[in-house]
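A.B. asks: The structure's right below; bear with me while I get my questions together.
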Amino acid sequence: MFGYDIGISGGVTSMDDFLEEFFPGVYARKHKAKEDNYCKYDNQGLQLFTSSLYLAALVSSFVASKLCTKHGRRLTMQAASVFFLAGVVLNAAARNIAMLIIGRILLGVGVGFANQVCSIYQAVPLFLSEIAPVRIRGALNILFQLDVTIGIFVANIVNYLVSNIHPWGWRLALGLAGVPATMLCLGSFVIAETPTSLIEREQLIEGLAMLKKIRGTGNVDAEHQEILHACEMARQVKQPFRNLMKRSSRPQLVIAIAMQVFQQFTGINAIMFYAPVLFQTIGFKNDASLLSAVITGIVNVLSTVVSVVLVDKVGRRFLLLEACGQMLITQVAIGGLLFVNLRATNELQHGVAIWVVVLVCLFVSSFAWSWGPLGWLIPSETFPLATRTAGYAFAVSSNMVFTFVIAQAFLSMMCHLRAGIFFFFAAWIVVMGLFVIFLLPETKNVPIDEMTEKVWKKHWFWKRFMDEEEEERR
């Protein structure tokens, strides 16, 4: 549902029928032979079509927080799918920009409910982290990100197939977003609640029964007691958001927010949102640019599978650091090729353009097995239960803010910075690597409710923030 939306928006905004109806100025610039290559799509309204979803998701996610805690993960997912379906209908039937934007806002409310504090981007990762055995927690959680990448890939294929259906191909592309939303809605009636959520809401018998069911054994006393203790400690926290501001919560909060900010400043969503636009900028025709986006989508899916296989074997830090090196090289190489070869009005030589596509695929692959899935996995497994929902809400909020910023600014930044936009993202990747080296602890094979004792109190820097917790215990 979320992945399809990421992939579909870039393809739709590159389609002539869509541009001619809603953004005639962009359509005219696109077809002027001497128009600046880097500035063809520089339009705030066009960028708002993509970015408005994430601003709405940010606001609605805070409303979803209490719903998630009070009524559980399932109900929040159901609410998310209903809002999303309403947005799909408005977008597919849009007759003016207002209908487009309102539809995108409703999609954002759906994503916010599904994302933020409890539905998709919060309820689902929390759901997975809470039910997963510790030895495969990383792999199971990353299956969520794998579905996102599959959604992007399907959207790329849809864009390619409908691009020559005139004049309503773009409506079909937007309308098909209702398929995964319907799947989420129906699926949410089938899945079980997590034992943690049931016990947290004082459904103790049901919680114990569900724990035995998902573990496949009756020998769950130790884990059951851990959950009971964690829930009891959580009930004593009347203001979880205020509790997040305490010194002992700072390590998890800083890392959760930083992971989301860094995830966006790799430049990945700029590429995923606007891949067809980017490929048209470097000289591909419409069909070729959409096909290139399909290739990128395939790489994205396959590379996420690599993360599923390796994350619980080699650990989180190794994947993140390897990706920083690979992303840095590819961003600098793409920027260098465009700086040397792409001027305002010329076209890239075919061989150079192919190399750009190859480098984009290498960049996407490294992100897909690292910062993409781990940006969600790490925040979902590091917070204690008392602040887990609230802390993850801050993480997702940060992601939505900076996703909005990148979506709203990228085309304008490309117009003004030109090839330098890739050096801009490369500089951020250096910062990210240093952050992982010095401040991000390894969480592989650590039970989710033992992070404080086994991770934070033993980290060279973050252990100083645990003093407050010790004082409170005394």
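Using the three backbone atoms N, Cα and C, a Cβ is placed for every residue, glycine included.
Got these off TrEMBL a minute ago, pasting:
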- 1-444: domain 'Major facilitator superfamily (MFS) profile' (DOMAIN)
- 45-63: transmembrane segment (TRANSMEM)
- 75-93: transmembrane segment (TRANSMEM)
- 105-128: transmembrane segment (TRANSMEM)
- 140-162: transmembrane segment (TRANSMEM)
- 168-192: transmembrane segment (TRANSMEM)
- 253-277: transmembrane segment (TRANSMEM)
- 289-311: transmembrane segment (TRANSMEM)
- 318-340: transmembrane segment (TRANSMEM)
- 352-378: transmembrane segment (TRANSMEM)
- 390-411: transmembrane segment (TRANSMEM)
- 417-440: transmembrane segment (TRANSMEM)
A.B. asks: Rank 45-63, 253-277, 352-378, 417-440 by Cβ pairs under 8 Å to the transmembrane segment (318-340) and hand me the top one.
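C.D. replies: Ranking 45-63, 253-277, 352-378, 417-440 by Cβ pairs under 8 Å to the transmembrane segment (318-340) puts 417-440 first.
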A.B. asks: Under an 8 Å Cβ to Cβ limit, what residues of the same chain, 6 or more beyond the ends of the transmembrane segment (417-440), are close to it?
C.D. replies: 38, 254-255, 258, 262, 265-267, 270, 316-317, 320-321, 324-325, 327-328, 331-332, 334-336, 338-339, 342, 371, 378, 410, 461-462
A.B. asks: What parts of the chain pack near the transmembrane segment (253-277), using Cβ distances under 8 Å and only residues at least 6 beyond its ends?
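C.D. replies: Same-chain contacts beyond the ends: 6-7, 9-11, 13-14, 41, 50, 152, 156, 159, 244, 286, 289-290, 292-293, 296, 300, 327, 331, 360, 363-364, 367, 371-372, 374-375, 378-379, 382-383, 391-392, 394-396, 398-399, 402-403, 405-407, 410-411, 421-422, 425, 428-429, 431-432, 435, 439-440.
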A.B. asks: Hey, which bits of the same chain come close to the transmembrane segment (352-378), Cβ under 8 Å, at least six residues off its ends?
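C.D. replies: Those are 121, 125, 129, 138, 141-142, 144-146, 148-149, 255-256, 259-260, 262-263, 266-268, 271, 275, 278-279, 282-284, 292, 295-296, 299-304, 306-307, 310-311, 316, 319-320, 322-324, 326-327, 330-331, 333-334, 337-338, 341, 399, 432, 440, 443, in sequence order.
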A.B. asks: Need one number: mean pLDDT over the domain 'Major facilitator superfamily (MFS) profile' (1-444).
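C.D. replies: Residues in the domain 'Major facilitator superfamily (MFS) profile' (1-444) carry a mean pLDDT of 84 in this prediction.
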